[in-house]
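As structure tokens, the structure follows; a few thoughts come after it.
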């Protein structure tokens, strides 16, 4: 089982992942929790390059670095874990590439699809939970109750977060378009709902879609 979480930073992905891991643990299901970029020695080094605010990276260079990190994670961790029957919860996967590099950076979609196919080895999530939040609200939530968009009481932003509001508006539009194209796999949730409400919806959907997963015979 591969469960992925998507959304712009500040939408609450990490919180919902922790809630889900705890809930699964109570049912005796031990989940492997991973993140993108990262998850292997090489992928973590790539993550540092991608997020370091002093590094200037071209859009195509950014795409290839994210994809290289993903390829390492898929080959070294995800494929073996899925083959052994483990449950994986992944903070970001290829939908982030479509939204961020496709819609955000404007990279050709055909090129994106080709590179995604290579980096994922054709692996697709069983279900994706997308926490939808407007960029302005996400930045407020993450850094300050009042400041938008790029100066938050002295807290330094990483390179991706410095891309600006228009970039994140395009990213959100990308996610919403993915929802239209893949309505069943890609589940949209309102990130402004209380944590417990979102968590309850996630558990309900997992139980509905995969009854033998949460309620094994």
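Residue numbers in this text run from 1 along the chain shown.
Cβ atoms are placed via backbone N, Cα and C, with glycine included.
According to Swiss-Prot, the ATP binding site annotation covers 7, 8, 9, 10, 11, 12, 13, 14, on the basis of sequence analysis. DSSP classifies residue 11 (ATP binding site) as coil under the three-state reduction.
Of all the binding-site residues listed here (7, 9, 11, 13, 14), the one with the fewest other CB atoms within 10 A of its own CB is 14. If you count neighbouring Cβ atoms within 10 Å for each of the binding-site residues 10, 12, the highest count belongs to 12.
Around the Cβ of residue 8 (ATP binding site), a 10 Å sphere holds 28 further Cβ atoms from the protein chains shown.
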